[in-house]
Structures are given as C-alpha cells and as structure tokens.
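Engineer: So that we are looking at the same thing, I have put the structure below in structure tokens.
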Amino acid sequence: MSEFNLKYFGTDGVRGVANKTLTPELAFRLGRTGGAILTRHANDENKKPVVIVGRDTRISGEMLQQAIIAGFLSVGIDVLRLGVITTPAVAFLVQNLEADAGVQITASHNPAADNGIKFFGNDGFKLSDQLEYEIEQLLDESEDTLPRPSADGLGVVNNYPEGVQKYLEFLQKTIPTDLNGMRIALDGANGATSGLLARLFADLGTDFVTLGTEPNGLNINDGVGSTNPAALAELVKENDVQAGLAFDGDGDRLIAVDENGEIVDGDKIMFITGKFLNEQGRLKHNAVVSTVMSNIGFYKALAENDMTSIKTAVGDRYVMEEMIKSDHNLGGEQSGHIIFRDWATTGDGLLTALQLLYVMKETGKKLSELAAPVHIYPQKLVNITVADKEEIQHDPDVIAKIAEVEAQMAGDGRVLVRPSGTEPLLRVMVEAPTQELVEKYTESIANVVREKSGL
C-alpha cells in the first residue's frame, strides 16, 4: 500500500465529476506538471519529448483531452492524439511508439458524469506512488515556475489514427490461430471498445452479435458493460451463441457469460486461463496473483488443480506490483481486470477475451464446462462506519469474534475484515457454503464491530 498521503491521485489516477471536481483547469495543470515530471529524463536533448493521449467516449472527454494537451504543449512537449481508444491500447502504444509517457482520459466503469486522467510511464506501466507524489508537489506549489517556451519551443500536436490498427494487430498475434466459426455476443459498454469489436472479431473469423456499441457521450456503462451483464446474458440465450463478452468503459476489464447465460467473473477467467497455461507448462511458478477479494471457491479450485495463489491488496496496480516482484505472468481481480504479463503491462479486456476464446477452441469445451471447477461461495459485504477503523480492526473483542466464526467454519469459508482506504469504514466480508450461514456469520461479526464503533 502507498506510503504517501496523496491528495489528487487515487488507486487509478485522478478522478472526479467532470467540470466540477475534475475541471479543465486542473487537467491543464496536470499536463504541465505531469509532463514536466514524466519527460525530465527524456533521452534525446535534440528532440522534444512525446506524450500520447487517448480517451473513452464520455461527453467530457474532448474537453479534458484538449485541456491536458494544452498543458503538455505549454512546457514544450509534442503530443500524439489517438482519439477514442482503450486504456490498455495507450499502455501498449507508449512502448510501441517509444513515447515518453501516455495519458488516458477515462473513468473506467463509472457513470458518464465522472471522468479521470490515467498516466503511464515510458515503460507502459501505471505510475508509482513516488511519481504521483512528485506531480502533486508541483501541483500544490504557490507559483508555477515551470518553463514557458515560445515560438518553436512550444509542443506540437498531431493526430495518430494508425494507433488503433497497431493495437488490433498486436492483439491478434497473442493467439496462434484464428477463431473461425466461433459464435459470440459482444457488449462494448458504449465505451472505448465500441468501435474496435467488429474490426477485431471479424478479422478473427467469428460470427457475432453486439450491444452497447452506439456511444452518444452519455450512455457509457448505462445498463450495459462488465458491471451490468444481465442484458448480455439475455442476448446470449436469445442468439444461441457459445459465449458473451462484456467490457467496461475503457476496455481494461472483461466479464464473460457462458452459453447458458451464467456469469463467468474474473476469478473463473483466471482459473480457466491459468489451468490452460499450467497444463502447457507456461504458468510461472504454477501460481496466479489475485487480490484478497477473490472468492474462496477460486482458491479451492486452484489447489485442486495443482496451482497456488498469491494474495494482494485490492487494486490491479497492487496485483501488477506483486507480479513484477515475484515474477508471475498471470494475475487479476474478481472484477475482471486480468493481467497477462507475457504480453501486457495492465489489465486488458480484449486481450483477455482472445485468451479465453482460444482456450475454448483448443480444448473443444463449452465455457460452462471450463468454469465448472470453480464453485463460487455465497458472499456478503457489510460496510460499518466507525470512529477509528484501525483501532476497531485490532480490538480484542472483534478479533475474538472473528476467530470464533472461523472455528465454526472449519476451513469451509472465509472472513475478511479490512478498513476502507478512503472512508471511515470497516468492511466485513464473509463467504460460506450457504447464504443462510453467510448472513449468520456476517451479522455476528458486524454486531460486535458496531458495539465497538465509538459512534
């Protein structure tokens, strides 16, 4: 977890309500300060640094994109403007084009009113807490002392529509075959993948039906996408396809639906692809990196299939940090952020979709069969407002109650009590074989936390 107390940056960049808390003025300043920090080590003194900029389909995206680009140009940085494109495509193109940094304007799976700014370093990875802290220090200085070049010292912006095709060609190379004859349903969340789905999946030979591919600036994630898979499940059943694939607003997540309309979440996708890689001898250390929020059914399925797991804090950045630190090549989150480190530096919904379809084609198995070993346990999460979340988490009575519940579970269930990273909340999460037991155990622990809450 971060040792820095960050004011603007959260776990996934700078986010807020567009034109309210995330204003064009702030975006301009982020362009100046972020640009200065990220390009200070640019190698060629005779050439201006280059930053690439993409966005999702939100109505505020153009406004914020223009503002941050103006900030970059004002400190002498050239910009390649990608237009509407996915977040993982920006990460890929930073490396492919040897740019000094990348920026995506997006709020991922959030509603249309929100937006955000994600930075990538020249290695294609999200920024470290240290770099974010340095940007914030510059942002909060009382006077802007950064360079203000003029004439030919200013940056220049150019459109780069070829970026999309480069990214799609890269994706196709991650599987060694086409997908001829596969029948699928695709949900673009009215977001960044909307214009890419038909191009990619037609080239690979699939037959497909789509929804959520008509963005109007306001309908991103609205009743569609990876956080709203019910519409896709209906489309799958109506059209008798082999699988449904739902992406989020910026294309870094995937939630699948099997041929029966049942949800295949990130845990199941990690198991399916991990088992396939392991059987091929390609899963490093026979292990998958996941967060503490992955379901106990996922962990049991891994163990029953000769694999192990490494747990991290919640957030795909922490998954990636662990993957780099311990040299693993598969990791992700229940929410559908899946990282294939052999190919990518961040979660990528389209890349994950291709790997999942490839496993289906190679094994000849239905998606429901591949997911069957993962028996998802019922889960309940309760958020309790407390005066001091750290103190309550370590209260002897709370610890004793957790131990009592865990003893009753006898290994067939799980308790996770953790503080919120941003709010005065203690989160109590319980998984057990039945919903009745989940309710019983959750309330048992939550009642003790409430008694000790100090409120």
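Heads up, the Cβ atoms here are built off N, Cα and C, so glycines get one too.
Marked as active site, phosphoserine intermediate by Swiss-Prot on the basis of sequence analysis: Ser108. The feature Mg(2+) binding site is assigned by Swiss-Prot to Ser108, Asp248, Asp250, Asp252, with sequence analysis given as support. Look at Swiss-Prot and you will find Ser108 tagged as phosphoserine.
So where do these features actually land, and what's packed around them?
Structural biologist: Shown in sequence order, Asp12, Thr87, Gly116, Asp248, Gly249, Asp250, Asp252, Arg253 are the residues of the chain, 6+ apart in sequence, with a C-beta less than 8 angstroms from the C-beta of Ser108 (active site, phosphoserine intermediate).
Of all the Cβ atoms in the protein chains shown, 35 others lie within 10 Å of the Cβ of Asp250 (Mg(2+) binding site).
Ser108 (active site, phosphoserine intermediate) carries neither a helix nor a strand DSSP state and counts as coil.
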Engineer: Whose Cβ lies within 8 Å of the mean position of the Cβ atoms of Ser108, Asp248, Asp250, Asp252, the Mg(2+) site, other than those residues?
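Structural biologist: Surrounding the site, in chain order, are Asp56, Thr86, Thr87, Thr106, His109, Gly191, Ala192, Phe247, Gly249, Gly251, Arg253, Gly347, Gly349.
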Engineer: What does DSSP say about Asp252 (Mg(2+) binding site): helix, strand or coil?
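Structural biologist: Note: Asp252 (Mg(2+) binding site) is coil by DSSP, not helix or strand.
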